[in-house]
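*Asks:* Mind having a look at this structure? Questions to follow.
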Amino acid sequence: MRKSLLALAAGLLLAASVGAASAADKLKVGFIYLGPIGDLGWTYQHEQGRLALVKELGDKIETTYLENVPEGPDAERSIEQLVRAGNKLIFTTSFGYMDPTLKVAKKYPNVHFEHATGYKRNPNMSTYSAKWYQGRYIQGLIAAKMSKSGVLGYIGSFPIPEVVSGINATILAAQTINPNIKVKIIWANTWFDPGKEADAAKALIDQGADVIMQHTDSPAAMQIASERGKLAFGQDSEMIKFGPKTQLTSILDTWGPYYIERVKAELAGTWKSEDSWGGLDSHMFAMAPNTNMPDDVKKMAEDAQAAITSGKLHPFKCPIVGQDGKPVECKGGDHLDDGQILGMNFYVKGIDDKLPGK
Amino acid sequence: MELVEAIILAVLAASTPLLIAATGELVTERSGVLNLGVEGMMIVGAACGFGGAWLTGSIFIGALFGIVAGTLMSLIFALMALGLAVNQVATGLALTILGVGLSGLIGAGFVGERITPAVHLHIPGLTDIPLVGRVLFGEDGFVYFSVALVIGVWWFLYRTRAGLILRACGDNHVSAHALGYPVLRIRTFAVMFGGACAGLAGAYLPLAYTPFFIPGMTAGRGWIALALVVFSSWRPGRLVVGAYLFGAVTILQLHAQGWGVGIPSQFMSALPYLATVIVLVLLSRARTGGSTAPAALGTVFVPDR
């Protein structure tokens, strides 16, 4: 009895060490998430991307993720924790992780980092993002067509260029349908607080908005719009469950292909620090089916999507007039150049609100 | 007029979870126990409350699930902080971390599910009175309960012998013990009451506020409730002022942004915190001068035989 127990223990030890050896051979890939993986918005989509990665390369890699990591000093600790755990490629998936990621990247030159939606890079730190403003332009067209009151409601998270360019793309598109369209903007100053997002949606609707757009992560605003019989756009994910008669369309973040591509590069030893900023043409994101709208609006939205994908239509086509009434310098030929969009810190004409911090 | 009514309705909804959670914590702290785990108990209450309502189709049962979940969480705290006399601050923080993880685990099965939210009262005639009708006679049950709760707690603390004993435990546990009161048992009940309230406050979020469950949906409301208790100088009356003021400024700053008031939104977002702290500090200075923290708050008590 005793012998067999010893043998069993030895066998278990052997199995454990074999397991550890094979685990060590696998490439370790880490993810830092801002919200919970069940937020049904931003973090949820990154998690879907990770799952797609595991499905594709699961026998060669081992993935870890840390969720609910606040932006700021905590992020630095968490990123470093993933490095110490042996991860060789680390994706940090929120704008606010930019400086912490850079700091850790400089400290560990042998580890590769990928930061989503930032603009700072290093030889071992890439950035990746998507041209969501293209999707927001399409939403602006739909919103202007569908709004009866001529007032759109926009829930912003933080006044960073990505969000500001989304607001501008929306209103530029809407103005092509209705030159007098108004947009009311409420900044939640958080990416994720369902209660506050719901309060913001209520406030916008109470003030006359009948189409709600959001750049925050939960489906709360969609649900309020649904309760009040208004229309809304989803964010990051398919949110039609929360407003079957409410959702017009939604920008869908589809990270899977990018994650697979980058991990394959890492496995092949060809990983390089890059800046990936893809649009509808590169499938960095997609649009949910157009619903709850008449056929002519649907057709208009589809045409606009095709035109943007083929490059015929640019949301920031010059001339663009700033809020101050002066034309914006046009650096990209017939449209604003990528740098201007990535650093956008002004409102276009027609928004009678002040950009925070301006 | 309609806008004013809409704003008041939104304020009541935003303030209710803070009021419920803070009232529970006030009783806990009055007994001399500092439980920093409110956020953790709330989020588990939210997950279990939603789960209960989703499984049974009843908001009432959901609320009960929330209460039971919060109470069970608080029992973990009571076991550690009272039974084993572990440091209360550390135990409370650990409870929050545990709660956040646990809620994700419990809630994983029903993320994305929908329920019918708590119904709002409707009394024909009364509810239809302009402006005040919906505010007074058109709320969901949680709102009325929160008001009854805080009045009940005030009455209990200041008008009953049991309340006096509870406060005595918080102010001087040695004397209370010497007089023959079971300090640890009283504190355990106070901690459980705080847990039940936090669980209910958490359950309010997915059952009435935003009728779905998402991990992390309490978004720091437990911490705000904790702060409200301190700034109210551990007095129920001021707690009501603080909770409603916080809710009111939260909602008003959103409306101010929608109207295009040219104040930076970052400042507007900080405004509820600033306004509440300033008003409560002024209140406590005007009346009694200085804070009235229970003297034995947060101290460990190990009774001799």
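Each position is counted from 1, following the chain as shown.
From the backbone N, Cα and C atoms, a Cβ is placed for every residue, glycine too.
TrEMBL does not curate its annotations; it predicts them automatically.
Owing to the predicted nature of the structure, the values given are computational and were not obtained by experimental measurement.
Features from TrEMBL:
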| type | residues | note |
| --- | --- | --- |
| TRANSMEM | B:6-26 | transmembrane segment |
| TRANSMEM | B:33-53 | transmembrane segment |
| TRANSMEM | B:59-82 | transmembrane segment |
| TRANSMEM | B:89-111 | transmembrane segment |
| TRANSMEM | B:141-158 | transmembrane segment |
| TRANSMEM | B:189-207 | transmembrane segment |
| TRANSMEM | B:213-232 | transmembrane segment |
| TRANSMEM | B:239-256 | transmembrane segment |
| TRANSMEM | B:262-283 | transmembrane segment |
*Asks:* Of the stretches B:59-82, B:141-158, B:189-207, B:262-283, which racks up the most C-beta pairs under 8 Å with the transmembrane segment (B:6-26)?
*Replies:* B:189-207
*Asks:* With a cut-off of 8 Å between Cβ atoms, can you find at least three pairs linking the transmembrane segment (B:59-82) to the transmembrane segment (B:189-207)? Only pairs 6 or more residues apart in sequence count.
*Replies:* yes
*Asks:* At a C-beta cut-off of under 8 Å, are there same-chain residues at least 6 beyond the transmembrane segment (B:239-256) that contact it? List them, or none.
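*Replies:* Residues 7, 10-16, 18-19, 22-23, 26, 150, 224, 228-229, 231-232, 263, 268-269, 271-273, 275-276, 279-280, 283 contact the transmembrane segment (B:239-256) from elsewhere in the chain.
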*Asks:* Could you check whether the transmembrane segment (B:89-111) packs against the transmembrane segment (B:33-53) - three or more CB pairs closer than 8 Å, residues at least 6 apart in sequence?
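*Replies:* Yes, the transmembrane segment (B:89-111) and the transmembrane segment (B:33-53) are in contact.
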*Asks:* Against the transmembrane segment (B:33-53), which of these stretches has the most C-beta pairs under 8 Å: B:141-158, B:189-207, B:213-232?
*Replies:* B:189-207
